[in-house]
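This report refers to the structure that appears directly beneath it.
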């Protein structure tokens, strides 16, 4: 039968819709020959109802819905969940190309934090970290980052309050995608920038570039920068973070000072405590000297074991003594005991392997 010319043609568009702003969706909708008000409907179904397929949008005309089935939204598939005794859930998510990434949902009272990945694998090869043992495969696109938050929010049936870019990958090596994702998470999904933390081992020039960005979308940059320091001196840092051998710790700290001056935001320093390596009293003194006069905060993270390396977690007494030594030097410090140990979802343990502790999908 000959077509009348009135039936909608099947729409194909390889670029997922997730991550697009309302004006961008308006342009897309009008290009499909639809009235611009459909964009607001699409926007609401993408970001408030977390749809996986455009055919789910019941307010669209049936014929047009059917023509849109091939248009990718940009959602992943949960292939596995593993749960720690604290209630933290690690998710293995299958992407459109079959690759697997990890995201973690971390409950705390009435709040829900999502730890997101920014890359598939990681090129930094930090000696204590499981992710780096598998090498780097590719960057994640903005929609693949945004999807992790929507997936956890949908699974928990609870609004996400905080996001930490501390999953797989080095966020500042994928900065454009990370900033695009943060713009959407903040302005389209409604998660405050002050509830978002971006972590980095420190890439030469990238912290300054981040500071000079100044804005995310049409809003001032207000998220927290967390720098994975992990050592009080260059020798220990070179051992733990091979990439730091070409980036002196003094240069890193100067770039962090510039960041504070430009943005007015303090820097958080992450410091994983490893028994017998960087947890001694004299090393607490060295760390305090490094950070003297710095607008910063230190998160001490007792090491979370992985199979591939021999590092050990210090005793609680040693952790407390290290923290007290910093406080005596007027360094703001918090001890972060990880909640995801039972699910291999703690800091340094993410590697996109299936866990034996799972819930049904």
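Using N, Cα and C of the backbone, Cβ positions are placed for all residues, glycine too.
Here is what Swiss-Prot says about this protein:
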- 102: active site, proton acceptor (ACT_SITE)
- 108-344: domain 'Radical SAM core' (DOMAIN)
- 115-347: disulfide bond (DISULFID)
- 122, 126, 129: [4Fe-4S] cluster binding site (BINDING)
- 169, 170, 199, 228, 229, 230, 304: S-adenosyl-L-methionine binding site (BINDING)
- 347: active site, S-methylcysteine intermediate (ACT_SITE)
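Taking the features listed in Swiss-Prot, we show where each one sits on the structure.
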residue : record                               : Cβ neighbours (10 Å)
102     : active site, proton acceptor         : 25
115     : disulfide bond                       : 27
122     : [4Fe-4S] cluster binding site        : 26
126     : [4Fe-4S] cluster binding site        : 21
169     : S-adenosyl-L-methionine binding site : 30
170     : S-adenosyl-L-methionine binding site : 27
199     : S-adenosyl-L-methionine binding site : 22
228     : S-adenosyl-L-methionine binding site : 27
229     : S-adenosyl-L-methionine binding site : 29
304     : S-adenosyl-L-methionine binding site : 21
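Other Cβ atoms within 10 Å of the Cβ of residue 230 (S-adenosyl-L-methionine binding site), summed over all protein chains shown, number 25. When the recorded positions 102, 115, 122, 126, 129 are compared by Cα distance to residue 199 (S-adenosyl-L-methionine binding site), the shortest distance belongs to 115.
For residue 228 (S-adenosyl-L-methionine binding site) paired with residue 115 (disulfide bond), the C-alpha to C-alpha distance reads 15 Å. Relative to residue 102 (active site, proton acceptor), the recorded positions with Cα atoms inside 10 Å are 115, the candidates having been 115, 170, 229, 304. Among the recorded positions 115, 122, 126, the ones whose Cα sits within 10 Å of the Cα of residue 170 (S-adenosyl-L-methionine binding site) are 122. In the three-state DSSP scheme, residue 102 (active site, proton acceptor) is classed as strand. Taking the Cβ of residue 129 ([4Fe-4S] cluster binding site) as centre and 10 Å as the limit, one finds 26 other Cβ atoms among all the protein chains shown. Following the DSSP three-state reduction, the secondary structure of residue 199 (S-adenosyl-L-methionine binding site) is strand. Reported as a whole number, the C-alpha separation between residue 129 ([4Fe-4S] cluster binding site) and residue 230 (S-adenosyl-L-methionine binding site) equals 12 Å. Closest in space to residue 122 ([4Fe-4S] cluster binding site), of the binding-site residues given as 169, 229, 230, is 169, taking the CA atom of each residue. Whole-number maximum of the Cα to Cα distances across the S-adenosyl-L-methionine-binding residues 169, 170, 199, 228, 229, 230, 304: 19 angstrom. Cα to Cα, residue 115 (disulfide bond) and residue 126 ([4Fe-4S] cluster binding site) are separated by 18 Å.
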